[in-house]
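Novice: What TrEMBL records for 22-454 is domain 'Amino acid transporter transmembrane'. TrEMBL lists 25-46, 53-74, 183-206, 226-247, 268-287, 307-328, 371-391, 397-417, 429-454 with the feature transmembrane segment.
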Amino acid sequence: MAGGDYEEQQTPLLHNSPYTNTGTVWTALAHIITGVIGSGILSLAWSMAQLGWIGGPLTLLLFAFFTLVSAYFVSDVHVYTNPNNGDVTTNRSYLQAVHTILGYKNGLVCGCLVYFSIFKTGVVYTITSSISMRAIRQSNCYHDEGHEAACEFSDTYYMLMFGMVQILASQIPNIFQTKWLSIIASIMSFTYSFIGLGLGLAQVIAKGKVEGSINGISTTNPTQKVWLSAQALGDIAFSYTFSLILLDIQNTLKSPPSQKVTMKKASTIAVFTTTIFYLCCGGFGYAAFGDLTPGNLLTGFGFYEPYWLVDFGNACIVLHLVGGYQIYTQALFAIVERWYAEKFPESVFGKDIRSVKVSLLPEFRLNPLRLCFRSAYVVLTMAIGMLFPYFNEVVAFAGSVIFWPLTIYFPVEMYFVQKKVVPWSGKWFMLRIYTIFCLFVTIFTLAGSIQGLIAKRFG
């Protein structure tokens, strides 16, 4: 890949299409919430149980602050003016922004992390969706045969079902045509969040007391407590990551008002809304079950009845993750297909051959490259999910491995360049401390998540 072509290859497909500049603060909010409120919310009660009544809420608020700071920094670099030659660049993706502002080498490192982050999100969504589909079958089994029945089923069949749906959904040409999917997914995320919150609250009222403690779940081995706390931090980190898709969403917004202003408003509303949901869902889940809090609030069967409501909540999770999977992967699909079109402009393999209309889905163009590459990508995420079907541990690893570089380091470094922050000034010093602190948190959570994966896979 030639250095001069790098920036152009990172821009999403069809950025001059009629879909580009029709977005509002509400469509941006729908995209963000679809990307943020996902499988991570299901592990927050478990995370709260590891950290206790003080550490849990404070950690949620801290990561919300990190996320909002990152969103503001990234929103500012959508339009970048080069201080050396005065050239103005519109950064239409996170990766393009890093390359344009921080240089080619940083762009390559960021590219590897971005691709990995998008891929691991697809794996996590595949695992979570299969668990939720399996939970629906289990819920009905427990209702019919009793709570002590042996209602254990394999995840493999459900991962295959989710993969087939994603192969079809992935043929939607680009992110601008997923607005309807984001709106549906956002509604689903609010729905199952309310269900989890309501079931937890009902359980607390039925018991007449609040479970849990200040220190969280006690363990016989102090080392185990440390590892579990690290995994809990990783789960929370995963719940807040959305920096990667922010510029792709910002590029869809109309102007005036300024796209930067609209994006910051949408980000603020999204972080505030999701934090309230996270605190309520995590808090009520922990209050309901205490030391017995399940790893997944709706699939760990802390709740058995009403079984139809548990079923409905899990169905909403699946519908939401179908949309969330696409919001993340469409950005990667665009980068790869843009690169192929630039590299092989005469290739018939990368050109549309016909239009297809399937049932209620919007009409889309059939493209051999899109069909083969996107289908293979979905199959690969499905295969990794089958190899490591461990919800809490995979979520913790996914959250910790890219949290510091993509949510903290690159946004801060771009802010330094964009705002021309003077080295060793007060602002520079404070942001350096902020970056180093977050690095130590990330190392701690990554170590805990790796230990958890190894213990589950080989222990």
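Start at 1 and count along the chain as shown; that gives each residue its number.
Using the three backbone atoms N, Cα and C, a Cβ is placed for every residue, glycine included.
Situate these features within the shown structure.
Specialist: Listed by sequence, the residues of this chain that lie at least six past the ends of the transmembrane segment (226-247) yet keep a Cβ under 8 A from its Cβ atoms are 31-32, 35-36, 38, 40-41, 43-44, 46-48, 50-51, 55-56, 59-60, 63-64, 66-67, 70-71, 74-75, 77-78, 91-94, 96-97, 114, 117-118, 124, 216-217, 219, 263, 267, 270-271, 274, 278, 327-328, 331, 392-393, 395-400, 402-403, 406-407, 411, 441-442, 444-449, 451-452.
Beyond the ends of the transmembrane segment (268-287), by six or more residues, the same chain brings 25, 29, 32-33, 36-37, 41, 44-49, 53, 56-57, 60-61, 64, 67-68, 71, 190, 193, 196-197, 200-201, 203-204, 210-212, 239-240, 242, 293, 297, 302 to within a C-beta distance below 8 angstroms of the stretch.
A Cβ distance under 8 Å defines the sequence-distant neighbours of the transmembrane segment (307-328), meaning residues of its chain 6+ beyond its ends; these are 31, 34-35, 37-39, 42, 118, 121-122, 125-126, 128-129, 132-133, 135-136, 139-140, 142-143, 162, 165-166, 169-170, 172, 175, 178, 181-182, 184-186, 188-189, 191-192, 195-196, 199, 244-245, 298-299.
Within the chain carrying the transmembrane segment (397-417), a Cβ under 8 angstroms from the stretch's Cβ atoms is held by residues 40, 66-67, 69-70, 73-74, 76-77, 94, 97-98, 101-102, 106, 109-110, 113-114, 116-117, 120-121, 123-124, 233-241, 243-244, 428, 431, 434-435, 438-439, 441-442, 445-446, 448-450, 452-453, all 6 or more beyond its ends.
Residues 66, 226-231, 233-234, 237, 388, 390, 392-394, 396-397, 399-401, 403-404, 407-409, 412, 415-416, 421 of the same chain lie 6 or more positions beyond the ends of the transmembrane segment (429-454) yet place their CB under 8 Å from a CB of it.
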Novice: In the same chain, who gets a Cβ under 8 Å from the transmembrane segment (371-391) while lying at least 6 residues past its ends?
Specialist: 39, 42-43, 119, 122-123, 126-128, 130-131, 155-156, 159-160, 162-163, 166-167, 170-171, 295-296, 299, 329, 332-333, 336-337, 452-453, 456-457
